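Heads up: the structure comes next, in structure tokens.
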Amino acid sequence: MKSSIDILPDGSITTPKGFKAGAIYAGIKKKSKNNLDLAILYSDTPCIAAGIFTTNKFRAAPVYISEHNLGFTDNRAIVVNSGCANAGTGEAGMADAIEMVKATAESLNMQPKDVLIASTGVIGHRLPIDKIKENVRLIGLSQRNGHEFARAIMTTDTRSKEIAVQVNIEGFQFYIAGAAKGAGMIHPNMATMLGFITTDASVSKEFLQFALKEAADVSFNMITVDGDTSTNDSLFMLSNGQAENPTFAGNTEYSLVFQQALTIVCQNLAKSIARDGEGAKRLIEIQVEGAANLEDARLIARVIAGSPLVKTAVHGADPNWGRILAAAGRAGADFDIDMVDLYLGESPVLLKGARTGVDEKELSSWLRQVEVIIKLNLNLGQGKAAAWGCDLSAEYVKINADYTT
């Protein structure tokens, strides 16, 4: 079977057929050069929807509502605000989220159950619900507004994060696209910060949820900036079927290509989040192979990527690779140190548990790259995984010390 997956140079969340978006400044966050803080993603036709949400016990109101509405069919829209998380706001916050969904549904002439919702921003503050209800009705929807949607969901992000791919499989074509936000409080578990995926492919609901979970497990669930999991983490996917392909379901050749394309989209967005970590200068990729199993490989990769000592060493271009081994050793997975190989880029610093004597000045120079790849081979089994993080700088401390002041 012939197939191709191509990343489009100017793709956005509205690249798939039938999707529109719009954004406006509603006064939720302080005025800035990016004067957008309220957005809608919309499909011309009803969608099959899937979602994955935060495992943080301190969940925000919009998470509960979206999880509930995903239980219905025909979801068609997602309303998103930035600047206020609507978490830690009690019954009043839940009422505000419900009002936000109702106002959006009325403006789009649909039922509230058809609308999903997401919020991001400062915890513990009420939404300015009157401003939101007034402005959500003014949002103009267009296929051209995908980039505006990606900008409107940003908080401390320094750049928008979006991608679209075109997939061709033996005579038919479809698109998968995505937008995400996140730069701090990034340590997801079964979710991401905020992520939105669209496709015009026809997909069964069961397979869509399965495929999204599979893609998240090798992308959003493998990134870390600071070890904190948000109260609002949500990942949504909408499929409107306008590509009119044979419906993807189960383990078929077609569905495997769909899964591959979805994984490309999710990994691209996840790496963009890690690369844009608050105050970060470098993207760190941890590659673990030779683990006893997949779970051990993922565990070790995530612990190394999240280690403050590893992150600060990379920031300072300090080739103190003992920190990498120490992080791997505390991950809780079994391995034999006398079998371990460790590479910084292509340079072996440890082979079969013994130091190789690579010149540290050369390593320090290499660590100044914008993308740093660390490879650990346990030489024990077939387990293999990758995780992504970023360096930890003084700027991260400054951003978060002054976040609300």
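Any Cβ shown, glycine's included, is placed from N, Cα and C.
Residues or ranges marked as active site, nucleophile by Swiss-Prot: Thr192.
A strand conformation is recorded for Lys181 (substrate binding site) in the three-state DSSP classification. Around Lys181 (substrate binding site), taking its Cβ as the centre, 27 other Cβ atoms fall within 10 Å, counting all chains. Positions annotated as substrate binding site by Swiss-Prot, on the basis of sequence analysis: Thr155, Lys181, Thr192, Glu278, Asn400, Thr405.
Cβ contacts within 10 Å of Thr155 (substrate binding site), excluding its own Cβ and spanning all protein chains shown: 23.
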